[in-house]
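Please read the structure below before turning to the comments.
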């Protein structure tokens, strides 16, 4: 017996692709035209870390985790490879795309076959690791920690190595407790743990006392759960309207012991397996797919939207990149922004004007959007143009969009007659809509004989004018610009107009004419004229964007704008923040389609809803939310470089929504335990408008002398909560899942008395 009893990648044992990666090989690493160097790469024995050779004087090698990889792309699918390699090398190139802000790894293999082998092998290992059960992930992680603690590689564990191991998994224990634990497992009295002793140590370590209590309460059939016992648990604790047949299906699906499965019973391991699956998680599994009516007019939906989409970092000197568009689209962002300026060689470019941000070609952005727009969501993408270009380069913009996007570009209204309302997301599946200035009324699109002077001057878009105002430090004036007819004609359902007040909008603004609001103006309207804003947003689109003073690309709170019915609340996707957590949580359900249908009271022209001053109405659905924060499992270290650094975790539960519902409660912190801390603390929240409420779970590392550090968080709409005992996955500040880490809570949302 050895430590490998805990190693679980059985599904790939002996696999040719795995063996290929373990053997490794030489690849050409590309950083620039002048920096292309051969480096050796190989998968380490833990099957989750890639070793790469380094020629730097201070380090001979470096590693990165498979968990840190976002995607592997075959071909010249990164800016670096497109810029620094020839087209003839297309089939030998591939890129490793990392999560967060880490730069891509651009590589060239020796042959087409070799490149394909690297990509398929990496994708297989990535998929395998992501598909491991929670129990398997725990085993795999603990195995690797044990390997690291086994300093002399003898497959045994001394007391000193056990202490080192506990530090690695985020637990601080005193010497007396460590000695007691060691003695309990050292059955042979040899002074070292090996084989079955290590297995016993693992069982002690991973025991879930809180799960034992729940399971034992309902395991009334020879100390196991029969289908009837499980049904009783599902109905009494999980508050699910299920049948005996549903319980039998769960046993068939998740029971790990074949003998128990044959008896139609569920063991404790099977029960824990169920609690880590979609049916046992806090998010209602019925909401993981598109479940809402997608045939309503476009204005009846909240739309996931990005601001300054081209930026990877801040908006003063940060890099612009097509990769930023890809990342936003892969997160189901459905409205992206393109700040367009004249390029010096006749080709329009995109960058943040009047700043030192880098520049990228407009046509390259359109190509990237075309490639990635509908990989995670099939619903329409809005291209929000901020146009600063000359007539000639505007014509080129129109030509690029028409030729690259092809039939997917909506270049005329749907149907043969002038519409009176927006089409639906369902009708617009797979289509691109252009938002920008238009020279004439949409009605003229149905009159081929109508002509418009392409040199006609129109007022600048609001955000474009704001950018000039911020750059020149002068009061904003109504500036004029010339608009090319070719570009104007591509604007169909999203014509940009200046907002002149709600009364003017009611009397004169067409449904397809939309206004953009700087965050401050929008927040003022949402506070002082909330009901008018709500009614305005029933049949017209509103786009909100951050103030130009946010040079660091920080974000504003989107919730007050959503509660006022604003559809396109554009945030800086490139900036990890609480606000982006809320955005990711808001658009988590409905298949992560980037579209979320507004509640009925935000779709009614006669609505009297006012989020700031709540009155009686169908929006008032008073709920009492009971939350018991029970425990957490395998929280990551904050300071991974310092072995002795152990987290002191606490949990905060937040409610975001209308002002009356905003609330926050916090547990005590647990000292020196990130592996299996337990709180058992109860909170209660009163929620008036649950259809506009978000619930956010935040886990932080307590610090008495400075600001707490974020360990992980998870946000979801109140209406997507599942009652009962639930696991809550945790995400990093970048919105990526933290493998194995979770909260365990009990949720009960009931009608308020």
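Every residue, even glycine, has its Cβ placed from backbone N, Cα and C.
Going by TrEMBL, these are the annotated features:
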- 20-127: domain 'PH' (DOMAIN)
- 29-56, 435, 437, 516, 543: substrate binding site (BINDING)
- 308, 337, 339, 386: Ca(2+) 3 binding site (BINDING)
- 487-603: domain 'PI-PLC Y-box' (DOMAIN)
- 603-732: domain 'C2' (DOMAIN)
- 646, 648: Ca(2+) 4 binding site (BINDING)
- 701, 702, 703: Ca(2+) 5 binding site (BINDING)
Say we define neighbours as other CB atoms within 10 Å of the CB. Which of the binding-site residues 29, 37, 435 has the fewest? 37
What residues, ordered by sequence, lie under 8 A Cβ-to-Cβ from residue 33 (substrate binding site) and sit at least six positions away in the same chain? 84
Integer Å value for the Cα distance linking residue 386 (Ca(2+) 3 binding site) with residue 702 (Ca(2+) 5 binding site) is 44
What does the structure give for the C-alpha distance between residue 339 (Ca(2+) 3 binding site) and residue 702 (Ca(2+) 5 binding site)? Integer Å is fine. 41
I'd like to know which of the binding-site residues 41, 45, 53, 701 sit within 10 A of residue 646 (Ca(2+) 4 binding site) at the Cα level. 701
Sparsest-packed among the binding-site residues, when each Cβ's other Cβ atoms within 10 Å are tallied, from 49, 308: 49
Neighbouring C-beta atoms (10 Å sphere around the C-beta of residue 386 (Ca(2+) 3 binding site)): 25
Do any residues at least six apart in sequence from residue 703 (Ca(2+) 5 binding site), in the same chain, have a Cβ closer than 8 Å to its Cβ, and if so which, in order? 648, 709
Quick one: of 308, 337, 702, which binding-site residues lie within 10 angstroms of residue 53 (substrate binding site), measuring between C-alpha atoms? Sequence order, please. none
When distances run from the Cα of residue 337 (Ca(2+) 3 binding site) to each of the binding-site residues 29, 37, 49, 701, 702, the nearest one: 29
DSSP composition of the domain 'PI-PLC Y-box' (487-603), residue counts helix/strand/coil, works out to 49 helix, 23 strand, 45 coil
Residue pair residue 308 (Ca(2+) 3 binding site), residue 435 (substrate binding site) - Cα distance, angstrom, rounded: 15
Counting other C-beta atoms within 10 angstroms, the emptiest spot among the binding-site residues 45, 53, 648 is 45
